[in-house]
Amino acid sequence: MSEKQVPSFRWTQALRRGLSNWTEPVKVDVIKDARAIISALDFNQVAQVQRIMRKEKRTDSDLTRLRDMNKEVDALMSMRSTQHNVVLRAGGLSKDELLELSADLEKLRKKVIRAEGGNPGVYQGNLTATQLNQRAELMKLVGMGPGLRSGNGVVRVWDVKDSSLMINQFGSMPALTIACMTEQGGETMNDVVQGLSALGLVYTVKFPNLDDLEKLSEQHPCLKSITQEQSQINISGYNLSLSAAVKAGACMIDGGNMLETIKMSPPMFSSIIKAVLQVKNREQMFVGSVGVQRNPYENLLYKLCLSGEGWPYIGSRSQIVGRAWDNTLIDLEGKPAVSPPPVKNGGPINLSPLSKGQEDLINQAVQKLSPKETTWIDIEGPAGDPVELAIYQPESGNYLHCYRAPHNESAFKDQSRYSHGLLLKDLKAARPGLISAIIKALPKGMVLTAQGSDDIEQLILMHGRRDIKVVDVKLTSEHARVFEDPVWDRFNPLCEKHTGLVIKKKKKGAPPSSTNPHCALMDCIMFDATVTGYIRDVKPRQLIPIDLLFKDDLNLINL
């Protein structure tokens with residue numbers, strides 16, 4: 001796409017909405033880290049690092065001091081990104097999505113390297129002492145003496161031997177920003193939090209600028225410690241820039257789906273990237289080819305792909321090695337996974353189709369369900385051969401939703417035609433064992449709510465879970481589907497597999513059945529709406545990583 005004006009805030013808002021499932025309240029954790037920094041960090045050394053960052057020319061010794069300070073801060077923080085390189089294969093992401101991600105990372109790499117003058121971490125050129133002196137003479141020649149600045153201020157230059165040591169040593173952290181404003185500004189932390197909260201509220205509707213900062217400073221004097229200079233590239237988190245303050249303010253807002261509060265975890269990496277690409281294509285976002293500053297999509301993409309675990313925006317990342325394109329790799333060849341070692345004589349035999357790691361992911365997902373909340377359950381297919389399971393908690397929006405390939409394909413086709421509309425070809429790659437793993441992992445004594453409980457109770461008993469109770473709401477078929485169309489209109493993107501044609505069943509004396517496919521998840525949502533009388537204003541959130549739902553089709557061998 002050719003270069004054009006970027007509607008930055010509109011893109012930011014779109015990304016906030018699209019990634020709202022992965023944003024979290026972080027205010028308490030940020031303040032906790034800020035207190036730890038204040039209690040243990042030597043702020044005399046902090047002042048020296050801030051002085052270094054104001055120098056026009058910085059050397060190897062300056063970089064060493066910055067790295068040492070970053071290491072101390074990292075050790076004090078609980079919110080950090082850890083080194084977790086990711087290899088993405090077809091499965092959770094389609095081949096087209098992998099190709100798109102790979103292309104965007106390559107474009108971003110070229111843009112960053114171009115802006116750095118070919119040397120990673122060194123913006124505006126990595127000039128030697130001789131070149132610096134020569135540049136000074138040339139500036140005098142063209143009328144730009146030492147007292148004459150151009151553009152947005154001084155060009156800061158690093159004159160270091162190994163510029164790769166600069167990677168990931170910059171960028172602000174809200175906990176550090178709050179600590180510096182409190183300790184060095186002589187303010188109470190409560191005043192700082194209040195001031196930054198005001199800045200964060202402005203950020204929910206626009207990018208705060210220096211004029212906004214000046215006006216807010218009248219009500220919150222603590223904000224006067226924020227520099228009035230324009231933000232610069234390669235500036236450390238110890239400098240109290242406006243962008244650092246805005247980031248900290250975003251963390252003080254428990255709401256607004258702020259991108260700054262995203263937390264990455266390996267199981268959810270593909271899900272988050274998939275959501276990002278969907279928003280990108282809907283809003284026609286792109287990676288530009290010119291300029292130093294990153295647009296919102298570029299900024300998000302870089303931060304997410306730098307590490308698959310931790311806080312990409314607000315955590316300490318100074319101990320991470322490599323750049324985003326180094327740490328997130330795309331494997332389009334799909335090499336077969338290594339076969340497990342044979343079971344030794346007398347050793348335990350694992351009959352589960354899931355690996356230990358996959359079972360752990362299911363257990364982690366199920367543990368996020370609250371035993372105290374209303375929990376709906378529904379299946380498609382008979383209890384002995386289910387093809388779909390959904391468990392939904394309407395108060396939080398959390399749900400578990402998975403599929404299973406049927407054993408009895410003939411019976412499945414009849415069920416598809418008259419009920420669920422699932423197609424056999426769409427279930428061939430469904431990962432086996434998920435339904436059993438979910439039921440086994442449910443909390444002891446959990447109460448499940450269902451519309452029609454016979455098949456659910458059979459399924460539960462088949463897994464030996466006599467401790468689980470199933471409550472049947474016993475709605476009539478017609479009453480149960482009062483909210484069917486509104487639910488499908490609103491939540492249709494959650495259901496992508498029920499694409500087959502459904503035919504009405506003809507029963508004497510009964511109203512004609514619906515020709516909408518029966519989706520276990522949609523049914524749970526509409527049954528809850530029928531019981532409560534309204535569709536809840538909560539966004540459903542899948543707890544199972546999408547990588548786990550289906551087998552890697554590139555690893556399948558056709559014999």
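Positions of Cβ are set from backbone N, Cα and C atoms, glycine also.
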**Asked** If Swiss-Prot says Cys495, His498, Cys519 bind Zn(2+), which of Glu388, Glu395, Glu409 does it name for the same site?
**Response** Glu388
**Prompt:** According to Swiss-Prot, Asp378, Glu380 bind Mn(2+); which one of Asp254, Asp523, Asp528 is listed for that same site?
**Reply:** Asp523
**Asked** Looking at the recorded positions Asp378, Glu380, Glu388, Asp455, Asp523, which one has the fewest other Cβ atoms within 10 Å of its own Cβ?
**Response** Asp455
**Asked** Do you know which of the binding-site residues Cys495, Cys519 has the most other C-beta atoms within 10 angstroms of its C-beta?
**Response** Cys519
**Request:** Give the sequence-ordered set of same-chain residues, not counting Asp378, Glu380, Asp523, with Cβ within 8 Å of the centre of the Cβ atoms defining the Mn(2+) site.
**Result:** Ile379, Glu388, Ala390, His420, His518, Cys519, Ala520, Leu521, Met522, Cys524
**Fill in**
For Asp378 (Mn(2+) binding site), the closest of the recorded positions by C-alpha position, picking from Asp455, Cys495, His498, is Asp455
**Message:** With DSSP assignments reduced to helix, strand and coil, which class does Cys495 (Zn(2+) binding site) get?
**Reply:** coil
**Asked** For the Zn(2+) site given as Glu388, Cys495, His498, Cys519, which other residues of the same chain have their Cβ within 8 Å of the site's Cβ centre?
**Response** Glu380, His420, Gly421, Leu422, Lys497, Pro517, His518, Ala520, Leu521, Met522
**Request:** With H, G and I counted as helix, E and B as strand and the rest as coil, say where DSSP puts Glu388 (Zn(2+) binding site).
**Result:** strand
**Request:** Quick one: of the binding-site residues Glu380, Glu388, Cys495, Asp523, which has its CA closest to the CA of Asp455 (site 'Important for exonuclease activity')?
**Result:** Glu380
